[in-house]
Amino acid sequence: MRKWTVPSVLFLLCPSLSSSCQGRKIHANAEADSDAPVDPPKVEDKIGAVPNGLSTDSDVAKREAESMSMRNLRSDAEKFEFQAEVSRLMDIIINSLYSNKDIFLRELISNASDALDKIRFLALTDKEILGEGDTAKLEIQIKLDKEKKILSIRDRGIGMTKEDLIKNLGTIAKSGTSAFVEKMQTSGDLNLIGQFGVGFYSVYLVPDYVEVISKHNDDKQYIWESKADGAFAISEDVWNEPLGRGTEIRLHLRDEAQEYLDEFKLKELVKRYSEFINFPIYLWASKEVEVEVPAEEDDSSDDEDNKSESSSSEEGEEEETEKEEDEKKPKTKKVKETTYEWELLNDMKAIWLRNPKDVTDDEYTKFYHSLAKDFSEEKPLAWSHFTAEGDVEFKAFTLLPPKAPQDLYESYYNSNKSNLKLYVRRVFISDEFDELLPKYLNFLKGLVDSDTLPLNVSREMLQQHSSLKTIKKKLIRKALDMIRKIADEDPDEANDKDKKEVEESTDNDEKKGQYAKFWNEFGKSIKLGIIEDAANRNRLAKLLRFESTKSEGKLTSLDQYISRMKSGQKDIFYITGTSKEQLEKSPFLERLTKKNYEVILFTDPVDEYLMQYLMDYEDKKFQNVSKEGLKIGKDSKDKELKESFKELTKWWKGALASENVDDVKISNRLANTPCVVVTSKYGWSSNMERIMQSQTLSDASKQAYMRGKRVLEINPRHPIIKELRERVVKDAEDESVKQTARLMYQTALMESGFMLNDPKEFASSIYDSVKSSLKISPDATVEEEDDTEEAEAESGTTESSAAEDAGAETLDLKDEL
């Protein structure tokens with residue numbers, strides 16, 4: 001007989017299932033039949049009701065009630081002792097302080113599903129094995145009894161023989177149990193349950209007494225019971241109604257586990273963990289309805305007796321007529337009553353198991369709203385539905401929401417929460433990890449369903465699982481392809497030469513502007529991906545969008561930029577700043593714009609970090625136009641100008657020695673501005689300096705190191721620069737000329753986006769310049785205030801305060817009297 005792992009122990013195997021490939025066959029057939037209609041149980045049906053053709057003992061109910069009330073092992077049952085390791089295991093589980101006890105229901109439903117899978121597989125070759133009537137219904141039922149504090153889970157699966165009950169509920173492979181106990185003692189994490197084949201023992205998280213009633217087609221009905229005290233008992237079941245076939249588990253809940261007698265709690269757990277189980281899950285749920293009941297005589301309306309005697313005779317006649325008609329009608333009233341009926345909890349089908357070609361857009365949209373708990377009417381921007389085959393087989397379904405959550409980036413690096421849910425054989429495992437998708441794609445909603453990952457896999461084991469890297473790699477590729485497809489189908493994203501052709505071939509206006517919508521919501525995530533994911537950096541770069549000096553207020557891509565590059569242009573030009581308006585006025589763009597070069601405008605703070613990682617694209621380097629190294633063609637007069645201003649540049653560098661200026665050079669980027677300050681190629685730009693200085697925990701020493709060298713570039717064609725050269729040639733020691741040179745440098749710093757180290761000094765220089773232009777003597781001083789008037793004012797204030805204090809004291813005295 002094949003050994004099955006204990007997560008499916010409850011509803012165990014059949015001796016005929018010996019082939020190693022049967023498990024896969026079971027699931028394959030389960031998928032094929034998953035949409036088969038199943039009639040819900042009737043309202044009057046009971047868990048464990050007698051199937052057609054079977055009789056019941058008249059004293060069954062009495063003996064059953066006595067057994068439940070005692071919560072003791074039956075005296076005539078055959079008793080067994082658990083293995084030593086199992087006893088230790090249950091002690092750890094029961095006494096653990098770990099809060100997630102909810103997994104017990106997931107385990108039991110998963111086991112029930114396994115049992116139903118097995119009986120359905122056997123029925124493929126022998127239809128009679130299913131039986132008739134209710135016994136043939138492949139479903140799971142959950143029922144609770146608040147008075148007796150019992151939670152019952154029932155299935156009509158394969159059931160267990162007496163031997164199965166002993167073998168699978170009382171023993172575990174010693175090596176697996178020992179390893180599990182050791183792991184539990186060190187980590188205390190109950191999510192490890194099931195990884196070592198001990199899933200059934202999670203039931204001891206909530207009850208102090210467990211009954212497992214099971215009927216296999218090849219054996220009598222037996223009852224397995226345990227109080228988790230190191231022993232269990234098995235006896236032929238003569239206390240309960242015949243099951244027909246299948247298993248029912250009754251959990252006699254401890255006082256501290258009464259929350260699991262709440263219908264809402266059970267519905268929530270089923271929705272969370274077992275929503276896509278292959279079989280219908282029903283809950284015996286209460287429901288308030290209004291019903292009409294006969295009204296008592298005292299409740300009958302006697303409004304006619306209280307009518308005012310002043311009523312008109314006509315009104316009286318009408319009332320008499322109405323009264324006669326009312327007397328003819330049966331007297332009833334509406335009251336609220338609590339009724340019970342079987343409520344289907346998992347009506348949402350696992351559409352990822354179907355062929356994508358067979359799923360409609362409306363079905364995808366409906367599934368998105370259910371999965372994402374999005375109650376708006378907006379459709380997802382896109383979705384990706386695929387099956388991966390090969391060494392690792394899994395099905396995946398990812399969706400792109402229409403809007404980003406408000407807190408998407410608030411805890412970007414600190415949260416383990418993922419919007420991608422992991423399922424194993426349609427059983428929800430976890431969303432408390434980020435190993436299946438990188439953080440920058442965490443805005444995607446969806447799920448992964450794998451048959452190769454172990455059930456109840458923990459975050460720690462998931463990180464080490466050999467299949468994980470393969471799954472992650474395929475998910476990333478499919479996600480980026482999905483996003484790329486939005487751009488490819490958007491007419492606004494076509495190159496200028498292809499736009500007309502795309503617009504003519506596109507008859508779906510819904511796709512127009514979709515990528516701009518995506519970028520406005522999730523563009524920052526793509527930039528973070530370029531920073532974090534070196535392997536997919538080029539793919540992500542194709543998804544970048546930005547404004548430029550030629551984009552006319554619209555977003556453009558790197559491919560579109562390259563298609564518009566001038567002949568002979570080797571670099572991709574860009575500049576960073578706080579806003580588009582500020583950058584368009586930047587002196588760094590003057591000559592580039594004049595020569596019709598396109599410059600990318602980066603205005604997001606993350607763009608500074610982005611460009612530290614995105615060094616090139618399609619064999620073209622990126623060049624920050626506010627840094628050294630800008631090449632935009634040579635001027636025939638460059639050498640002549642450089643020689644002509646050699647004396648000025650040398651003098652100016654010396655005059656700015658205290659400002660830590662590395663050099664003064666002739667500029668090739670200025671047209672109308674006299675001078676600008678640029679930084680070294682690998683140093684921080686002015687925008688980056690401002691960002692880093694705003695950081696709460698910034699390191700001053702690192703800032704000084706990363707600031708880079710500053711170079712003053714002058715415009716040799718500007719009249720101010722020409723005049724300054726003449727002044728220097730005439731008298732290089734003129735203090736006013738030196739002051740003018742320093743003032744121009746400080747002004748250039750501000751215009752280039754830098755922050756001044758000493759704003760007060762700069763302001764004083766400006767005021768001195770204003771004095772000079774107004775022909776005010778440099779020795780002129782500010783008129784001093786008259787101290788006498790100030791002293792008299794202070795004296796008057798003191799006397800007034802004293803008078804007010806005296807008046808206040810008088811009032812206080814009057815109040816006391």
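Glycine is no exception: its Cβ is also placed from the backbone N, Cα and C atoms.
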In Swiss-Prot, of the candidate ranges 613-653, 777-817, the one given as region 'Disordered' runs 777-817
Among PHE104, PHE121, PHE200, the candidate listed by Swiss-Prot alongside ASN111, ASP155, ASN168 for ATP is PHE200
Give the range, chosen from 31-58, 451-478, 479-506, that Swiss-Prot lists as region 'Disordered'. 31-58
Using C-alpha atoms only, work out the spacing between ASN624 (N-linked glycosylation site) and ASN111 (N-linked glycosylation site) and round it to an integer in Å. 61
Where does ASN624 (N-linked glycosylation site) sit in DSSP terms: helix, strand, or coil? strand
Cβ atoms other than its own within 10 Å of the Cβ of ASN111 (N-linked glycosylation site), all chains, total 26
The motif 'Prevents secretion from ER' (814-817): mean pLDDT? 45
